[in-house]
């Protein structure tokens, strides 16, 4: 039996042969006229006409014969295709107590109807709750949730317009509602499912733009733009689903109850619709969610690093020794207070010495120190001076853009207060400079240590010059600090400063910052997990259906059973019931709105 390619070859051959015979007839007519004129025939026109008529008759006979052969081959191929289709589209019928003829046993029909009805009801309830939550719960009434509403509407139409007819068709094994309703049902099926998938793609793109370009996209994400994008989703879905209604199909002209009501298997449309409905959106969602996952993971790492540095929990970072740095002593009831002033200059790369919150040009640092209960620990070189532990809390504030750094220390004991302040200029090298060196000084104002509370404020103001500096005054006293002063290690008086993570005591501001950061990190971790669940569920639900949808028109020997096809089809439909769960169960506001709507508060 000839193949489709052979039939195409015969058709082309027929056309070429007909054209060649027509051309031969024209040439014959011309030659006949020329020859008769040369021989002086007076009835040359009649002879030429007879020759032309003969050639035309021969041509017509050949064309008719070739056309008959082509028609016969086409009919044979069609018969083969019909015979090659999966037989038993309607399997053995089973009688029911209601007098209906069912495609499956009655118990199986009841179980199928029960399970599928539960899926339909849950899908309807879930998507209605999503829609009502957005419009009735104020925290959810934001622009980006309009995409969720559009998705819920698409899934709701699937549950209302598509699934009930599919239940009846699956149980009865035949379509009892006529050809027009069959075509309308199939079109709604493609329209609603495509819209659901494209809405998932739009949600992915919205999240991607919000993460990669948050400032600009926040301005562009207006109600008008979001509604325009949603309208584009539904319009594109209509363009994908409507071509079969205007002729791009292989549906039979005569339709009976025994005729299967199935999606068209016209190969061109199958490729067109599968690309637009699934494979292109799948590629976009995969790329977008990978980018979102990478960006989220990078932000998590950056924030974790910033949280660690901003609480000054540095791990044994020892700064290089400073030349010409001399400790300054102040007495208080026989005890000593040692103060070392130095310059910490960040050079070209400020990030080597500054925390992320200091890297901005305009910030301030506030700190609060408390007296430890036991601070009589000897130094590493036999020095009996007590060591300090101090926690610095970073609070970002806007300042004037000029190069000026000041340090203020205030100590209160019995109503007495002392202050010390200094200024510095930027240096070009990454080093610690002496207190009395170029750029300023740090003068202690008679600081007294004691058993009271000490407050300190370190404010830094840097201009546009990236090479800023911070003057550091480290005091060894009875307070707690995270900065530990190592006494001079040689006779030259050179000292080193070690920053050691000791016991951390956070103030109220620091606790607030940490709590906000923990909440933010927790949200982003949940978002990253949600991305994996979204993609996993989407692929599991829809990939089997679209693989079957694409393969069957090109595989004449592939004959899956009706039960298998129904299972694969319903696996895709289940995605419409899972979408409201996936996109809302991880959101606290949606859970609160659901409880509020269901009266479970």
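For all residues, glycine too, the Cβ spot is worked out from N, Cα and C.
These features come from Swiss-Prot:
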type	residues	note
COMPBIAS	361-376	compositional bias 'Polar residues'
CARBOHYD	11	N-linked glycosylation site
CARBOHYD	57	N-linked glycosylation site
SIGNAL	1-26	signal peptide
TOPO_DOM	27-112	topological domain 'Extracellular'
TOPO_DOM	136-145	topological domain 'Cytoplasmic'
TOPO_DOM	168-184	topological domain 'Extracellular'
TOPO_DOM	206-225	topological domain 'Cytoplasmic'
TOPO_DOM	249-273	topological domain 'Extracellular'
TOPO_DOM	296-530	topological domain 'Cytoplasmic'
TOPO_DOM	553-566	topological domain 'Extracellular'
TOPO_DOM	589-601	topological domain 'Cytoplasmic'
Same-chain residue ranges lying at least 6 outside the topological domain 'Extracellular' (249-273) that approach it to Cβ under 8 Å: 89-90, 169, 174-176, 178-179, 182-183, 185-186, 189-190, 194, 240-241, 243, 549-550, 552-554
Other parts of the chain folded back onto the topological domain 'Cytoplasmic' (136-145), taken as Cβ under 8 Å at six or more residues beyond its ends: 206, 210, 221-223, 226, 589-590, 592-593, 596-597
Same-chain residues near the topological domain 'Cytoplasmic' (589-601), Cβ under 8 Å, at least 6 residues beyond its ends: 129-130, 132-133, 136-137, 139-140, 583
Positions on the same chain near the topological domain 'Cytoplasmic' (206-225), where near means CB under 8 A and six or more residues out: 143-144, 146-147, 288, 291-292, 295-296
Tertiary contacts of the topological domain 'Extracellular' (168-184) (same chain, 6+ residues out, Cβ under 8 Å): 90-91, 93, 100-104, 109, 112-113, 116, 244-245, 251, 255, 257-261, 562, 566
